[in-house]
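Per TrEMBL, the features are:
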ACT_SITE  ASP277  active site
BINDING   LYS104, SER208, ALA209, PHE210, LEU211, GLU282, ASP297  ATP binding site
BINDING   ASP297  Mn(2+) binding site
DOMAIN    172-388  domain 'FAM20 C-terminal'
Amino acid sequence: SRRHKLYREELNLTSPAAPVPLRPEASWLQFHLGISRDGLYPRSSPVVNRLLRDMQEFPTISADYSQDEKALLGACDCSQIVKPSGVHLKLVLRFQDFGKAMFKPMRQKREEETPEDFFYFVDFQRHNAEIAAFHLDRILDFRRVPPTVGRWINVTREILEVTKNEVLQSVFFVSPASNVCFFAKCPYMCKTEYAVCGNPHLLEGSLSAFLPSLNLAPRLSIPNPWIRSYSFDGKEEWEVNPLYCNTVREIYPYSNGNRLLNIVDMAIFDFLIGNMDRHHYEMFTKFGDDGFLLHLDNARGFGRHSHDETSILAPLSQCCIIKRTTLLRLQLLAEPEYRLSDMMRESLLQDPLAPVLTEPHLLALDRRLQLILEAVRKCIDTYGEATVVANDTTQPQAPASDRAKLDT
């Protein structure tokens, strides 16, 4: 079929001498086929649970640096990179059935808080934050974070012995404590002092399922209108101008449609996890201007449970607009029988690395949820519910042609 041919070309598996079967029931393929304009997967999707299990259990068949880290080294086509980074050590692990996941190793213990003097752009990145962000995103019914699961990786057998990348092979070493360690090759923060080590071989980390390749399902990377300054003393306009949203509303595509509402959704999500590092967002081009925003790269969340960074809520507090479906879900999660911390605690118990979050982080979710609802109440008191709460509950059914199938 054409879809199979595209996959073979994308993975350089076109040689007739070594055909590789593509099973239609493979969880990675079924996950990709389930992407629609409503989210990355349908509600209660059995495919997601199967995909999480496969990422947890399947043996790795290869390991390599991620494409954005290769871009920093000048080793790949940078035009194919959505958002180069490289500060955080991450690897691409491949599995059978063309499965591919991003592995982020443990860099910070769960009970450690980010120091108060750390700027958000030099903060640690946490594997457990990626896992918790997926569960929170699903509880909020956003379904915009790729499926993510925790796993213990044998860094010798499942990375070093299966990689063909000589650069990656060269950064492995044995520490004085006889633990196997490795580090990233990149222009900054990538040296032996920043290595991660097994104990002696096992290392816990997160695995996030890859989205369809950019060739098969193109995406746009767009600067966040509420981007922060990435300098030690700079300020962006939104940080000093309380009327900043008036300017944003005059700019396409925030002047109409759902884009601004989706930005508010993203700000609510980031406030709950404490993520200040949302400088860009991504969208599938197929779904047009009103498509959902992908909530990627959440490893800088859940750093400080003792501090609520209310500036993250600027899109909500300055624009005073929110989707009705989002507000109803938040109000439900504030009810005692559906308390957000309880829902998260129960959901995270399903992960192999449970407990994923400490109790103070779980309780911080309830506190931050109340702050969000208070911000909405202030907006309603000022402008009225009809102006603040956008009715998105009667949107028409998306036509079948809008599904993100790989054969289109």
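Even glycines carry a Cβ here, placed using N, Cα and C.
In this structure, the recorded positions ASP277, GLU282, ASP297 were compared by how many other Cβ atoms lie within 10 Å of their Cβ, and the smallest count belongs to GLU282. When the binding-site residues ALA209, LEU211 are scored by other C-beta atoms within 10 Å, ALA209 scores highest. PHE210 (ATP binding site) is surrounded by 19 other CB atoms, counting those within 10 A of its CB over all protein chains shown. Taken over all pairs of the listed ATP-binding residues (LYS104, SER208, ALA209, PHE210, LEU211, GLU282, ASP297), the Cα spread reaches a maximum of 20 Å, rounded to the nearest whole number.
Straight-line distance linking the Cα atoms of ALA209 (ATP binding site) and ASP277 (active site), rounded to a whole number, equals 21 Å.
Note: the Cα of the residue listed as 'active site' and the Cα of SER208 (ATP binding site) are spaced 18 Å from each other.
Over all protein chains present, the Cβ of LYS104 (ATP binding site) has 26 other Cβ atoms lying within 10 Å.
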